[in-house]
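> Handing you a structure now.
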Amino acid sequence: MDKIIVRGGKRLKGRVRVHGAKNAVLPIIAASILSSRGEILIRDVPMLEDVKTITQLLLSMGIRTELDEKAETVRIQAEHVEQTEAPYDLVRKMRASFLVMGPLLARKKHARIPLPGGCAIGSRPIDQHLKGLEAMGAEFHIGQGFIEGTVPDRLRGARIYLDVASVGATENIMMAAALAKGRTVIENAACEPEVVDLANFINAMGGQVRGAGTDTIRVVGKDFLRGTEYTVIPDRIEAGTYMAAAAITGGEVFVEGAITDHLNPVIAKFREMGVEMVEGENGIHVRADQPLKPVDVKTLPYPGFPTDMQSQMMALLLNAEGNSVLTETVFENRFMHVEEMKRMGAQMRIDGRSVLIEGGHPLSGAEVKATDLRAGAALVLVGLVAQGETAVTELHHIDRGYVGLVEKLRSLGADIERISEETGEKVNIQHSFA
Ligand SMILES: CC(=O)N[C@H]1[C@@H](OP(=O)(O)OP(=O)(O)OC[C@H]2O[C@@H](n3ccc(=O)[nH]c3=O)[C@H](O)[C@@H]2O)O[C@H](CO)[C@@H](O)[C@@H]1O
Ligand SMILES: C=C(OP(=O)(O)O)C(=O)O
């Protein structure tokens, strides 16, 4: 097991490049299963553990899949899909594995996938995925920890109203609808940029998806989809994390590749806190030379403030001069990092779905554990300003979603390294990706 060691007190300065979006590339790779002709080439693929997991999943189905780490590409040839059962070992590592359900049902009329289960941030049910797919003619049977879906005839288009604007359910239904017979309408659909990216990818394969990015998506099913080349959007959450790193250290950083439109709610809150945010040609300049002001924040589905930036925002608010309230409305249990931050001197209290934060108290380094992916990044952010040394453990969470976090922060001037707990030696994660 590795840990990240960070010694606080450095002001970050420079330029950092944002990689492709994890939450866009995972559904895009899953959607490749829909293509029965030609080859798919996906560019700007972040070489993350989650990407490795989903490509292994495709390989386990007999789909030709090749990751090129240097070129940051994935090539997929899905003419033959030999296996429609997903191994538990892969699904338990990553909930997004469930995104192969829609494509498999559409393409092969069968899928058997281990139930993804709960996780650190909440129970995360899949009822909306199933409701949508059932409306299109799929039948489900649950047993022995698996969910098995079958399609007696061919999936057919349907009108589906989602009770919650779930990102994953919208994506699963959209993918299934792309090969269904007739027209599907998804109402109360999720509007996240990653949903739009998936729709664009399906269209690039010859699909017909309209309205992605609004709450009503219309899909006309096609008889087949074909190979294409596609470039994934930049990761707005990774961008937001580096924006927070600049702001928390009173630094000045150009976050290259960040798309302002995708980050509006985050940028607005940073500005309210007194951080200068200037849109550049291909990114955002962040400059923080004033004390941070406290603000209230509530997470919401897009275009609201993203839940995936909640813990990083908390790190920032701990350093604001005054009290803030941070409310989480998307997941019911996404405050696991609060106790870890308290170990570093944070003064805050959970009150139902909100956290009352008293900013401005001194923070000191401690050994803390990443309780989920974004919580891990947030603890590193606190470490950047805490006095002394912070050691962040349970790095498998961080590795799911950040390419070269340590290297990128170090290039901005942070005093940070990753060491192996067994040998005490430095680890360069970019070389440890198999
Ligand atoms: C791989 C990926 O893209 N992950 C993102 C995706 O997760 P994911 O797609 O799992 O998140 P959802 O949008 O589905 O979940 C939002 C809320 O809806 C609830 N829900 C969801 C499905 C369902 O069938 N029933 C139901 O009640 C969930 O419990 C949660 O409270 O969107 C989340 C919300 O922006 C992000 O935090 C995750 O980073
Ligand atoms: C919660 C996240 O991802 P996942 O849905 O894959 O767990 C995340 O990216 O912050």
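Backbone N, Cα and C define each Cβ position, glycine as well.
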> Looking at TrEMBL, which one out of ARG95, ARG154, ARG156, ARG353 binds UDP-N-acetyl-alpha-D-glucosamine in the same site as ARG124, PRO125, ILE126, ASP127, GLN128, ASP308, VAL330?
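So, going by the record in TrEMBL, that would be ARG95.
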> How big is the gap, in Å, between the Cα of GLN128 (UDP-N-acetyl-alpha-D-glucosamine binding site) and that of ASN23 (phosphoenolpyruvate binding site), rounded to a whole number?
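ASN23 (phosphoenolpyruvate binding site) has its Cα 19 Å from the Cα of GLN128 (UDP-N-acetyl-alpha-D-glucosamine binding site).
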> Would you identify which of the binding-site residues LYS22, ARG95, ARG124 has the most other C-beta atoms lying within 10 angstroms of its C-beta?
LYS22
> Most Cβ neighbours within 10 Å: which of the binding-site residues ASN23, GLN128 is it?
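Sorting the candidates by Cβ neighbours within 10 Å, the top entry is ASN23.
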> Take the C-alpha atoms of ASP308 (UDP-N-acetyl-alpha-D-glucosamine binding site) and ASN23 (phosphoenolpyruvate binding site) and report the distance between them in angstrom, rounded.
11
> Mean pLDDT across the domain 'Enolpyruvate transferase' (6-409), rounded to an integer, is what?
96
> With every protein chain in view, what's the tally of Cβ atoms within 10 Å of the Cβ of ASP308 (UDP-N-acetyl-alpha-D-glucosamine binding site), excluding that atom itself?
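Other Cβ atoms found within 10 Å: 25.
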> According to DSSP, collapsed to three classes, what secondary structure does PRO125 (UDP-N-acetyl-alpha-D-glucosamine binding site) have?
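DSSP assigns PRO125 (UDP-N-acetyl-alpha-D-glucosamine binding site) to coil.
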